[in-house]
Every structure is written in C-alpha cells, then in structure tokens.
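**Student:** Sharing a structure below in structure tokens format, with a few things to ask.
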Amino acid sequence: MARYRVHVNDPLDKEATQLLMNKEELEVTSEHLEKDELMKIIPEVDVLVVRSATKVTADIIEAGKNLKIIARAGIGLDNIDVQKAKEKGIKVLNTPGASAPSVAELAMGLMLACARHIARATVSLKEGKWEKKALKGKELLGKTLGLIGFGNIGQEVAKRALAFGMKIIAYDPAKPETDLPVEYVDLDTLFKESDFISLHVPLTESTRHIINRESIAKMKDGVIIVNTARGGTIDEEALYEEVVSGKVYAAGLDVFEVEPPTDEIRRKLLSLDNVVATPHIGASTAEAQRRVGIELVEKIFKELGI
C-alpha cells in the first residue's frame, strides 16, 4: 500500500520516473500543473519533484501540509523558497554534480564558438559568403581562463581547459581543495588577468550583476565572457554596451536575466554578431538527464527510508 504521494511537476528522465513508480510505497503522479492547479493538489503531496520551470513559492509550501521533500532535478535552487521550506521543516534536495560534465562541455563550446566565430561563420557560409579574413579568431592555447566559482562545474571546466593549454585562475570564497593546477585569486585580480572569464556561481545577492560596468572596466581589452551559470549574474545592458564598444571581444550566453530573452535589452544583445547564445541547455543532454534523475530518486528513497 502506498505510504507517500509523489508529484512530478516537471519532466524527469523516464528511467528515473519508472524507479519511482516501481516502489509500492509510493503513489506517483506526473503532470505539469500551473500554480493554481498545483495549489489544489499540494495539500495531499508528500514529495514534490520540479525542475526550473516550476516556481515553488512560499504560499505553495505553506499549503503543502503533508509536504516532506521538495526535490529539484538539477543544481539551482533559485526557483524554490528555500528559507520557507526550512521554516516548515521540509527537506530540499538537488543534484549539484550530476549535470556538471554536460554544463562544462557547453561552456567550452561557447568559448570556442566565441574565439573562432563559429556561429557567425556558419551563417555567413550558408548565405553564400566566403569571409575568411573577417573571421580571424583567437586561440585558447596559452590564454588565462578566470573561473568565477570553483565548485563541481568550475572544476570540470578547468579539467577541459587545461587540455587546451590554458592557465587557470579562480575566484571562490570557499577555496575548495583540488589537485588541479589552479591559482586562487581575488575578484579584481581575476578581472585584470583573464583573457576568458566563465561564470559558475548560483544567483544570490552577492553574485547578482557580479559582471557589471565597473568590473568590465577592470578587464583586459578583448576579453571573452561566458555564462552557463545563472541569468542575473551579468548586467546584460552593460554587457551589450561593452560588446558594442569592443572592450568585450565576444560573449557566450546560455542563461539570461529574463528567460525567454524577449525583452528589448536581451533582443539587442542577441542581435550582435559576436554574441553566441543558447536557450539554457547546459544540462540538456541524455546522459546528464539520466544521471540527474537517478541521483534525485535515490536521494528521495534515502530521505523517506524506503
């Protein structure tokens, strides 16, 4: 007989969903519900599984009188009122390492796309042009990569960048222990010394607009900036201005402060030839989604003791 009700509100890997359904202790429903509908069922739910699409607000948590676990399939918790969950004694689970290789690979892909004008070259060639001189790029070899955040993803990026012959410096107040040849520096030093800067931090009050007009002014002329972390960590209006001015050589963006990026500021930014962009797909690989799903389900089972 089912002891717990699990509601999967955002798509989860099929194998992971099946593992949930195979547990006789669980009654599992899997359907995306908008807030009004979710509020109707949440009083009966013990475990709520979400990705980034569902905003688990304070009122949803308050209504979840049986809620024991909020399980986030992925890394970021900015769509969950974690403080409210803590006040209610609700466990918040996530999978910080499961998607790290996929996000790191995309970060490297964006660096290469920016340095070698890959997106622009593709469009140009498909238009029947042959613009070899206009598409002269930069090597990664010998360049300094500054990583803002050196957790799971930052370390995976470092491993790959080292294989390209890059020097790695990193800013992370926690200074995680590592065997990688990485030098920890303060933020100002990172801005001044980096040829490439890649962000790998959550969105918090201390990281909001960590890249802004003032920080860009400290950077090398021709810096390349990549963001596969969270929208809001870059002041995108300032980034637009500095790409136009040439201070920033190019930017590779997988995340935006407004998603989808349809407002005027984001449209202007995306109109630039030397901005390469993807629609928040850092963890969107079959392998990452399987790891995320399986790891999350195992954590749910452990927390419920089943």
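Cβ coordinates come from backbone N, Cα and C, glycine included.
Sharing the features that Swiss-Prot gives for it:
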BINDING   ASN152, ILE153, ASP172, THR228, ALA229, ARG230, ASP254, HIS280, ILE281, GLY282, ALA283  NAD(+) binding site
ACT_SITE  ARG230  active site
ACT_SITE  GLU259  active site
ACT_SITE  HIS280  active site, proton donor
**Student:** ALA229, ILE281, ALA283: which of these binding-site residues has the sparsest Cβ neighbourhood within 10 Å?
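**Tutor:** ILE281, out of the binding-site residues ALA229, ILE281, ALA283, has the fewest neighbouring Cβ atoms within 10 Å.
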**Student:** Might you list, by sequence position, any residue in that chain lying six or more from ASP172 (NAD(+) binding site) with a Cβ less than 8 Å away from its Cβ?
**Tutor:** LEU147, ILE148, GLY149, PHE150, GLY151, GLY154, TYR184
**Student:** Can you give me the same-chain residues 6 or more apart in sequence from ASP254 (NAD(+) binding site) with a CB-CB distance under 8 Å?
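**Tutor:** Spatial neighbours, sequence-distant, of ASP254 (NAD(+) binding site): LEU106, LEU110, ASN227, THR228, ALA277, THR278, PRO279, HIS280, ILE281, GLY282.
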**Student:** Measuring Cα to Cα, how far is ALA229 (NAD(+) binding site) from GLU259 (active site) in Å?
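**Tutor:** Here the two Cα atoms lie 13 Å apart.
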**Student:** By a 10 A CB contact count over all chains shown, which of the recorded positions listed here is most packed: ASN152, ARG230, GLU259, HIS280?
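**Tutor:** Per the Cβ count within 10 Å, the most buried is ARG230.
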**Student:** State, in Å as a whole number, the widest CA to CA span among the NAD(+)-binding residues ASN152, ILE153, ASP172, THR228, ALA229, ARG230, ASP254, HIS280, ILE281, GLY282, ALA283 given in the record.
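**Tutor:** Across ASN152, ILE153, ASP172, THR228, ALA229, ARG230, ASP254, HIS280, ILE281, GLY282, ALA283, the widest Cα separation comes out at 24 Å.
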**Student:** Please tell me which one of the recorded positions listed here (ASN152, ARG230, ALA283) sits closest to GLU259 (active site), measuring Cα to Cα?
**Tutor:** ARG230
